[in-house]
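Features as listed in TrEMBL:
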- 1-17: signal peptide (SIGNAL)
- Cys23-Cys38: disulfide bond (DISULFID)
- 52-178: domain 'Cupin type-1' (DOMAIN)
- His100, His102, Glu107, His126: Mn(2+) binding site (BINDING)
- His102, Glu107: oxalate binding site (BINDING)
Amino acid sequence: MLRIIVLLPLLFALSNASVQDFCVANLKRAETPAGYPCIRPIHVKAKDFVFSGLGTPGNTTNIINAAVTPGFAAQFPGLNGQGLSTARLDLAPKGVIPMHTHPGASEVLFTLKPGQVMVFPQGLLHFQINAGKSAAAAFVTFSSASPGLQILDFALFANSLPTELVSATTFLDPTIVKKLKGVLGGTG
């Protein structure tokens, strides 16, 4: 019986019920690997849990004809500590979100066709492209506040690795590698 009494406080300490329900981000303080520090609960407002930033299309007049509008804790303080983040993708016709991975999260993409969703498991190489004739928008949710982003094109061509090495490992002609390095800011 004494063992049960001694273990009972330990069970309560390990229970999620003892965890804070929310931690609205204090954006005046620096973000840490665990997220932002919390504002005092007395200062929390309903508006901290509402984010309208995904309602406006992003500017797609760029080299990829696409835009990503983040909804992370820095933009949406109520997400802090929830283990989630979100974003809006806007793609003009022929727009593309280049091949990339999210090493820290899985991604759920909404609106392939109305009502459809698609999941990209954590670390899976993927891309989005608008093959249609009109602008397209999609919304994503990540299973982490910090999903991370590794864009393959930048990893391959925006570096100082020798062109010959990149050419050998990608099977691309050295002329193409040099051109891509020039566009993306690489050297070598």
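Including glycine, each Cβ sits where the backbone N, Cα and C put it.
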If you count the other Cβ atoms within 10 Å of each Cβ, which of the binding-site residues His100, His102, His126 comes out on top?
His102
For the Mn(2+) site given as His100, His102, Glu107, His126, which other residues of the same chain have their Cβ within 8 Å of the site's Cβ centre?
Thr101, Phe120, Leu124, Leu125, Pro147, Leu149
Over the domain 'Cupin type-1' (52-178), what does the predicted model average in pLDDT?
93
Rounded to the nearest Å, what's the C-alpha distance separating His126 (Mn(2+) binding site) and Cys23 (disulfide bond)? Just drop the number here, would you?
32
Listed binding-site residues His100, His102, Glu107, filtered to Cα within 10 Å of Cys38 (disulfide bond):
none
Tertiary neighbours of Cys23 (disulfide bond) (same chain, Cβ under 8 Å, six or more apart):
Gly35, Tyr36, Cys38, Asn80, Gly81
